[in-house]
Each structure stands twice: as structure tokens, then as C-alpha cells.
Amino acid sequence: MQGSASVTSLVDFQGHPALRLRAPDGAQATVLLHGAHLVSWIPAGGEEQLYLSPTARYGDGQAVRGGVPVVFPQFNLRGPLPHKHGFVRTRAWSVAEQVVRAGCAIGVMRLESDAATRALWPHDFALELTVIVSGRELEIELSVTNTGTEAFEFTSALHTYLRCHDALRLQLEGLQDVGYEDAVLGEVHTQWGDVLTVVGELDRIYRQVGGRTLTLRELGHRVHLQQTGFEDVVVWNPGDEKCAALPDMPDADWRQMLCVEAASITEPVWLEPGAEWAGMQQLQC
Ligand SMILES: O=P(O)(O)OC[C@H]1O[C@H](O)[C@H](O)[C@@H](O)[C@@H]1O
């Protein structure tokens, strides 16, 4: 369905088709068809909130560095697939709906299993990524439907890269007393204080975070994050050495970002034939 006054439209983004969502109040978001990858969120009267690498690669089969990669059906290499973070972030999705309703711009992207996905992962599924933007809020929802005849399980994440002025001066609040797997140290710990800061490489899966609100704060700016459906939160920053080794990110840009990801990893989601699961991340600044 086409939105009123075509406030949403297909645009060219770095040479690739993207859906530009624009709410009547001026808030906007841009989603590539490649990977249903959200590459920009600009709240009404505000500035860009997502980090997107200036050296990101957009070609076929490439995973874009920054924005919000969609991770499915496997997080990282934690499972049987050889593809880190699964394969849907590098596939072409289609636009299922673009509409402006009740002051919100809404875009729905869709991907269904086909012979190529079945060759990688032998299950039938339909994914929808719904992006809703208005005012100073963004909602991203991933739904997964089992369209096959056998149950399957998956892990998943919305791998949100938040932009900041200086990661070393950031505070992420709201994870006190939550247990986490620290992939840098290879250890399991509990977050003892409420404030998490970045001093270098950080790669943690906070388990079973529940309905907490997290706040990412730096001088003069803050973003609140909430999630439903997704149980875990991943916090990731590559730090200077790993960032320098990434071919698609400038060496110094680890200071410009922090990933706060809504994820279901530690308890994979089990989906019976015909069943649907949905997970959502909400951001407000
Ligand atoms: O480089 P990518 O495949 O996009 O992965 C980037 C990062 O994603 C997650 O946050 C993982 O916890 C990290 O271990 C990984 O390095």
C-alpha cells in the first residue's frame, strides 16, 4: 500500500535501492532492500543516531558495516552454519508495505526461504522486518514464521550500531545484576554496577535481560532502549586493534560507535510449523 502523499519512497542509497520512511513530523529512516538493513535513523528535529561506516561495502554477498544488520538464523558462529550471523543480512528482501499511519512512517520488508536459502539451512520460513519511525522514536520488529512442515530453532539479533561522539565517554546504564558471557575474556560474570563504560574492546552477551530499559548516555545526549521478544542484549565495540583489522571500517571509528543489540542467543527460539515469533527493539532519544 502506498502512503499518503508518498511520504515513503524508494531511493538510491550508495547505488542501491532503499526505502526512505518519512513521518509527517520530519522523522526519517532509510532501509536498504539488501539485507533489510536499516542504515539511517534521524529523529524529528534531530541528527543521525546510527553509526554507518564510511567504508562499508554494499555489494552482493557483503554485510554492511553499521546501521542495523538483521542476524538470522544464527548468531555469530554459535551453531551449525559456517556463515557468521546467518545469511539474511546479505540477501535481497522485498518491500511488502510502505505507509504513513497515525503520524508514523511504516515500512515492512519481507524475505522468504527459497532454494538458495534451503541449500544453506534446510528450513522454510518467512521473515518480516517492520520499521516504524515518528518523533524521537524508532521501532524495529523482526517476525519469523515457520512456513514448513517441521519445527526448527534459531538464534537472532537486531545488531544496532549507535553513533556517539566518543565511545570512551559513553555510559550504558540498566544492566546491573545481569549475568553475561564475556567473549573477550572467555569468562562468565555478573554486571556489578549499573554503569558500563567502554575502555577498549567489548564483546558481551547479557543473558535474559527481560523488560529492562537501557540508557546510552553521553554529554548532552541519551538514547533509551527497550526490547520485547528478544531475551538477551549484546554489547559490542571492536576496540582499536580489532577495528584496525576490519577492512570495512576506518581505524579510528571504534570511538564513534557502540553496538547495543536486542538478541535471542542463550535460549534459541523453537518454532513449530505454522507458528510465528516476533522480537522488537524500541529506541527513543
Ligand atoms: O563483523 P561482523 O560479522 O558484523 O560481527 C561483528 C560482531 O558482532 C557481534 O556483536 C559479536 O558479538 C562480535 O563477536 C562480532 O565481532
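Placed from the backbone N, Cα and C atoms, the Cβ positions cover glycine too.
What TrEMBL says about a protein is an automatic prediction, not a curated fact.
Residues or ranges marked as active site by TrEMBL: His159 (among others). Shown in sequence order, Val68, Pro69, Val70, Val71, His85, Val234, Cys259, Glu261 are the residues of the chain, 6+ apart in sequence, with a C-beta less than 8 angstroms from the C-beta of His159 (active site).
In the three-state DSSP scheme, Glu261 (active site) falls into the strand class. Every protein chain considered, the tally of other Cβ atoms within 10 Å of the Cβ of Glu261 (active site) stands at 26. What TrEMBL records for Glu261 (among others) is active site.
DSSP assigns His159 (active site) to coil, not to a helix or a strand.
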